[in-house]
Amino acid sequence: MREVASEIRKLEGLIGDAVHEGRVTAENVTRDFAVKLDEANPLGYLRQHFFIPKIKDLVEQFDDKRKDSIYFNGNSLGCQPKATASHVSSVLENWKVKGMNCHFQGYLPAALCDEKIQDLILPLVGAKAGEVALMNSLSVNLQLLLLAFYKPDGLRRKIIIEKHAFPSDYYLVASRIQLAGFDPADCLIEVTPKEGKNTLEHSHILEAIRDVGDELALVLWPPVQYFTGQVFQMQEIINTAHEVGAFCGLDCAHGVGNIELKLHDWKADFAVWCGYKYLNGSPGTVGGAFLHSSIDANTLTKSRGWWGHKLDSRFKMDNNWEGSGGISEFRLGNPPPVQMATLVAPLELFNKHPMVEFEAAGRNLSGYCIALLKATVGLQIRFITPDKMIEDRGCQISFTITSKKTEPRAVFEQLRARGVVCDFREPGSIRLATVPMYNKFTDIYDFAIILKTILESH
C-alpha cells in the first residue's frame, strides 16, 4: 500500500501544475501525455474489473461496436463490476436449491446477508465495528434518524442545511419539522453562498451555526455537495455544531467512495449514504447508516421493527423488545440478499487500497480535467466546482457554458450523442465525475476534444 501511495505522489508530480494550480503546459495538451499518465496510474488496473457501457448501446446509429463510452456518471450510478452477476447468481441459486433454508445456509444467507458484508464498508466511511448498518434507501434511513435526533426543546428547534441541498433532504427535513408541529419557514435555515458565488466559504458556515446558537437543534450537512462538488471541512462543522449544543448528521451520498470519510474520529452523531453511486451497487440498492458508538441507542426515539431485535431472541415472537444495540436497532425488516450481493464485488475492490489512495487518485483525475478544459475551451465554460484548491473538491466537476448563444442543455445532448455519459442539472449545470475505479486520463483528453469541437460549432 505504501508503494501505491508513493506512485500516486509520483503521478501528481508528473501532472504537476495541472493538479495544484489548474494549468498545463502546451506540450502536455496531447493524447500522448494522457496515455503516459494512464501508464503511470497505480490504480488504473481496476478498470478491467468493470463493464464500461459501449457507445453502440447508448447512442443510435453508431457503428463502432467495440468502443467504450466515456462514462463520467459515477456520481449518479456507478458502472457494474464484472463479478457482480456471479454474486447475484449465487444468491438466487442458494434460494433455488435451499428454499426456506437459504435464510441461514449457503452463500449470503438471507437473514444474515447484511452482517456478512457490513465490515467491508467500515474503512470507506471511517467507522468502528457496530457503528454501521446496511439497510433501506438513503431517504428512509435519514427519516429514521431525523425522528431520533430532531428533538425540539423550547427555542432549540431549528435545523441548518446548505442552500440547494439535494431535494430529498430538503423535503425530509421540512416534513420532520412539520411532524413536530412547527413551521419550516421559521425553523429551517439554509446557509447560502455569498452573492456572485457558487460555493460556500467555510467561515460562513461556522458563523451561521454560531449565529443560530442555542436555538439550533440539528445540523444536516454533506461532506461533498451534490450540485457543486464542493468538499467541506467536516471536522470543524461538527465541532461547531456540538459547541452550541446541537447534533450534527451527515448526508454522505456524494462523499462515500469519493473522498476519505472519518465518521468516528469526526464524532459525527449520525450519517447516511446510498450504495449505487461511487460504491457501484445496482440501481436503488441498499444504503447505509452510521450511529456513533458514544450514543446510546436506547436514549433515542425510534421506529422499531423486528430486525432491530436481538437475533438470538428475535424469533421468540413474545413482543418483549430486546434491542440489538447501536445503529442495528434502527433496522426494520429483513435485508434483501440480491441487493446486498451487488455490493460485494465493488466493496472488495475498494478494500484493496486505503480510501485515502482513491481520494488522491480521484483528485488527480479531476485536477487534470480542470486544467485540460482551461487549456482547450478556456473561457467558454465556467467552473461551478472549486477549481483552484485541490482539497476543496473530490472527483466531481460541475460547469456551465458562458456564451448566452449556447444552451447548456444543447451541449449536454451533443455530448451524449457522441458517447459521453454525464448528467445535466438545472439551472444549466453539466456534472461529471472522474472516478478512479474505472476512468482514465485518456477518457478526459477525449472528452475535452469532443467538448471543444461542440463549442466551436456553435
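Positions of Cβ are set from backbone N, Cα and C atoms, glycine also.
Those TrEMBL annotations? Automatic predictions, nothing curated.
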(request) For the pyridoxal 5'-phosphate site, TrEMBL lists L138, S139, F166, P167, S168, D169, D251, H254, W306, N334; sort out which one of Y107, Y276 goes with them. (result) Y276
(request) Select the most exposed residue of F166, Y276, where exposure means the fewest other Cβ atoms within 10 Å, treating these as the binding-site residues. (result) F166
(message) I want to check the contact list for D251 (pyridoxal 5'-phosphate binding site): same chain, sequence separation of six or more, C-beta distance under 8 angstroms. What comes out?
(response) L138, L142, A165, F166, D169, L220, W221, P222, A271, V272, W273
(request) Sorry to bug you, but what's the C-alpha spacing from K277 (N6-(pyridoxal phosphate)lysine) to N334 (pyridoxal 5'-phosphate binding site), rounded to the closest Å? (result) 23
